[in-house]
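One structure below.
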Amino acid sequence: MSSKKNRKRLNQSAENGSSLPSAASSCAEARAPSAGSDFAATSGTLTVTNLLEKVDDKIPKTFQNSLIHLGLNTMKSANICIGRPVLLTSLNGKQEVYTAWPMAGFPGGKVGLSEMAQKNVGVRPGDAIQVQPLVGAVLQAEEMDVALSDKDMEINEEELTGCILRKLDGKIVLPGNFLYCTFYGRPYKLQVLRVKGADGMILGGPQSDSDTDAQRMAFEQSSMETSSLELSLQLSQLDLEDTQIPTSRSTPYKPIDDRITNKASDVLLDVTQSPGDGSGLMLEEVTGLKCNFESAREGNEQLTEEERLLKFSIGAKCNTDTFYFISSTTRVNFTEIDKNSKEQDNQFKVTYDMIGGLSSQLKAIREIIELPLKQPELFKSYGIPAPRGVLLYGPPGTGKTMIARAVANEVGAYVSVINGPEIISKFYGETEAKLRQIFAEATLRHPSIIFIDELDALCPKREGAQNEVEKRVVASLLTLMDGIGSEVSEGQVLVLGATNRPHALDAALRRPGRFDKEIEIGVPNAQDRLDILQKLLRRVPHLLTEAELLQLANSAHGYVGADLKVLCNEAGLCALRRILKKQPNLPDVKVAGLVKITLKDFLQAMNDIRPSAMREIAIDVPNVSWSDIGGLESIKLKLEQAVEWPLKHPESFIRMGIQPPKGVLLYGPPGCSKTMIAKALANESGLNFLAIKGPELMNKYVGESERAVRETFRKARAVAPSIIFFDELDALAVERGSSLGAGNVADRVLAQLLTEMDGIEQLKDVTILAATNRPDRIDKALMRPGRIDRIIYVPLPDAATRREIFKLQFHSMPVSNEVDLDELILQTDAYSGAEIVAVCREAALLALEEDIQANLIMKRHFTQALSTVTPRIPESLRRFYEDYQEKSGLHTL
């Protein structure tokens, strides 16, 4: 039954005043036992669930977003037709019109909504929502007011209006709905404030978000307290005027202007047809509810808090069955949003004072960007062309994107962000069209900044391009950047690019006139890290002093800005866990006042958070200290001079006019603690430690071995100060001409290694530590000063060193008092350090062989162990190291 017929039957029933009360009373008596459940069934209350992913392929994707999924039985019981519009009403009063679509096997009593639909209506899976067919007419919307954010106020409203009317033609809108459209490659979200129909009726604006949220919270709280209260009883306590004729609950709630009457009944469009006898049932519901309202009002004079809430949220609206849709002739008016939202947005804007450690880069960027945008006439008067582009390059996490956002916020320019891979399309010409749209919009809304992130993915070198799409994209971007200066907005549009692979960019893009300036955003040093930490901890409660902050900045080698931010977050979690561990039942308000970050929290967090550049090559630094190595005090001193002194006392080296040693080579017989010394150095220095085994770099493919060497040094520079440890260097740096392998792989690797250690590009804050037991096989070019400055011979341990080794071993072993340490030292004259440890281990095993419950290691066990473990370094090899030391002139310690 159409809306007109429903009105006609209602009028006929109203004229028969004598029959109305009787019908109402009979209806009320018949429904009294189960009024709440019947009302919920007829109102179409369903449970929200997620939209099914597998939908009919015949349905266009653009149309699938406007569908809701229902079961066939649910649609039949609710009188919902296939493909017809339905009204969704949530508990908080938000309404939206969608199209019903049946799904085979869909569970009954549920409605499938997309994530966007759930967000628009304000529901989540499991919530209750009312689904009703549109019983009435749909008119053309003559006028519509939409809210536009303040940053979009300068857009061409005429073009945006055309885009909205073209893409949303036929969509039924209500006040408070959100409209989504893509304009010049950028998504827009507009809120409908007011709708005026062709009949002259005006649907007013919705309540503010804060009011709606407050009402929703109050409603949820009241519903929890009165969950047993039936819906019919709640509705019966609403205060309605006697002169109003209530319509069916299945019609939507929309605010209307009572002064405006229907003037366009000739263009009404019937949306659904009710069943033949459905109007009679509707009349019974109306009269029954009318009687319930009147009887309840007589017996309940005072309203509870829940009743006043219901009266406020529902009684303030009227019922109407007229809806309005967008057409090509609808007039769209754009209004600015509330200024309160602006103030909230300003709190999260990135500014210059929030960026630490990049003062010199920020100064250069501001000179290039701010002057042309703020004072374009100055450049014109001197005839200086304004820069068109600035390229920021550096490792990930150093702050390139953050700088772009800060510049846009400080200058007040419009920002368009292009993420390289996002605009790439498989369709011919679509990627170039998106680029043209973005540049056209930026030109229209000048001053503007176009920020292209991951520029290397969008514009790689055309020589190595795999397909024609990449070449066309590069050509389009070159043309668009050349066209910036010829536009009316000369100097008002600037392209800001960011990449961590500048060598992969096309050469034509990096020439002056396109990207006029290239600024490196590198890994911060200790002073920069201190500045970053101070900025990050400015609003964080902590107990760190200036000295502790300086210590933390000095120890955070290789950490970039993003790593330090994650480090602060992890330290905060450590502090929170520390407080909750002591007082687990503390309320949240008191916990917030007690949580203060300390240096211990930061040190604990540094064990879990490693520099991002070290994650792919991170190794577990062994827990070996200098005290675990017996003797060798002079070697420890030499290593401290080469590694720790340049970091702790840089002014001393500057005062003396010398450079710290670049490389240290440890050579000597096997088992003399060369690798163990490297482990202790990695642990004691606290530097980033890269352990490289010589054979690991060798690869059977041409060029891969050299690339592995380059990558190793590149990573070391990225996390400087750092140590590269080459174990078994003789396998990697063999003397040139001695390699018999095909293609002279060893020679090429050696050449790459020599270039990296002392080539045109200076190796700064990276120390080379190598170990070998065959120094005669290493190429002489690698052994010269400037590459390997310190060559240290690690001989067999002398008597004093053997005493220290035995003491370290006896410290953790139950040794009997009859064991004579001096005698053991004399008996192990030609033993290496590893062999002495083997003697102690063998003695302990012999004691366990005699008695598995043994508590002491006796002298006889050591005597038997010495006969089992004999020196494995022959006299000839010892003589070889001594002769090599004398002939080569290498100094010993």
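Think of each number as a place in line: the chain as shown, counted from 1.
Each residue, glycine too, has its Cβ placed from N, Cα and C.
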From the candidates Thr45, Thr89, Thr272, the one which Swiss-Prot records as phosphothreonine: Thr272
Residue from Ser279, Ser486, Ser888 to which Swiss-Prot assigns phosphoserine: Ser279
Selected residue, Swiss-Prot feature SUMO2 cross-link, from candidates Lys311, Lys693, Lys859: Lys859
Cβ-based neighbourhood (8 Å from the centroid) of the ATP 2 site, residues Gly668, Pro669, Pro670, Gly671, Cys672, Ser673, Lys674, Thr675 excluded: Ala771, Asn773, Val794, Ser832, Gly833, Ala834
Distance, Thr675 (ATP 2 binding site) to Lys400 (ATP 1 binding site) (CA atoms, angstrom): 40
Cβ-centroid neighbourhood (8 Å) of the ATP 1 site, Gly394, Pro395, Pro396, Gly397, Thr398, Gly399, Lys400, Thr401 excluded: Ala498, Asn500, Ile521, Val560, Gly561, Ala562
Residues satisfying Cβ distance under 8 Å from Gly668 (ATP 2 binding site), sequence separation of at least 6: Lys674, Asn773, Tyr793, Val794, Pro795, Leu796, Tyr881
Which listed residue (Lys674, Lys859) has most other Cβ within 10 Å, given these are recorded positions: Lys674
Least buried by Cβ count (within 10 Å) of the binding-site residues Gly394, Gly397, Gly399, Pro670, Gly671: Pro670
Count of other CB atoms lying within 10 Å of the CB belonging to Cys672 (ATP 2 binding site): 26
Of the recorded positions listed as Cys672, Ser673, Lys859, the one whose CA lies nearest the CA of Gly394 (ATP 1 binding site): Ser673
Where Gly399 (ATP 1 binding site) sits in the secondary structure, as DSSP reduces it to three classes: coil
Protein Cβ atoms within 10 Å of Pro395 (ATP 1 binding site), excluding its own: 19
